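For reference, the structure is listed below as structure tokens.
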Amino acid sequence: MNENLDLGNLSTIPIAPEGFKSGFVGIIGRPNVGKSTLMNQLIGQKIAITSPVSQTTRNRLQGILTTDKAQIIFVDTPGIHKPHHTLGKIIVKNAKTAINSVDIILLVVDSSVKSGGGDRYIIDLLKTVNQPVILGLNKSDQQTEKYQEIDESYANLIQDHNWPMIKFSALTGDGVETLQNTLIEQLEPGPYYYPPDLITDQPERFIMAELIREQILQLTRQEVPHSVAVTIEKVEESPKITKIFAAINVERSSQKGIIIGQKGNMLKAIGTTAREQIQKLIAGEVFLKLFVKVEPQWRQSNLRLAEFGYRVEE
């Protein structure tokens, strides 16, 4: 398996040379503005799942970028929105906690559309922070001939703040290097927090479960995705193949039927694509067995939320 995804032996952390910079950057914004896509682009490997469905990210996920001059720990936070259930409240609380625990805040917005109330709400939250803030205008590849009008709408939002504004496309990578260099300029001198070859603080099992959930988000109907939690029940490793047994937990029997599909075709499609993604992750052959379980109202149960890995960050 790819050891770069585990914390490994922290004794491998080197002493930082003179002038080396490091720090934590919180990536925040409304749901579905491309925060996770940006994280993957910055790190150079897929560690955060993406989908057209809003509120895809549920847990805080740290991605680690190490260069010769700096180490940046990116904290990909869930989209800040008005919550409608216990899980939603935990998600938003964790995102707000992240704002207060990082060295730099990267506020990502969707520059293919004008600024809106959700952006103003987040900027109001940031009025009292002491950390530097950078406004990132994502989706520059989707801008139309009205881009100047759109850019101006965001510039007006931050006219009372001395925040740099950088345009980029997390999807194509255009402008991301400029963003990275700006972040490094804002960092203070500091140590290595993690070994240089580490790219995330999350264990492989977490990433595996997320890759399975991503395919559910991509392939099932709108009413199913937010009711799904994936848990890795067992992993059996051998020199030739890694066997993974995972449970897909839903709230209603009707959702179980949708996940399984006619003659099991949907579950097969989810498993096939997820297996391909996991094979890329661990650089080896994978056997993936999926089960579907009904856990009524798990999003409202603190016990079930804890069992499925969702907790309030302190």
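Every residue number used here counts from 1 along the chain in the order it is shown.
Yeah, the Cβs are placed from backbone N, Cα and C, and that goes for glycine too.
These numbers come from a predicted model, not from an experiment.
Swiss-Prot lists region 'G4' for one of the ranges 138-141, 142-145, 262-265, namely 138-141.
Range 76-79 is the one annotated as region 'G3', of 76-79, 172-175, 220-223, 252-255 (source: Swiss-Prot). Most Cβ neighbours within 10 Å among the binding-site residues N32, T77, S140: this distinction goes to T77. Tertiary proximity for the region 'G4' (138-141) is limited to same-chain residues at least six positions away from its ends with a CB under 8 Å from its CB atoms, namely 33-34, 38, 108-112, 167-172, 174-175.
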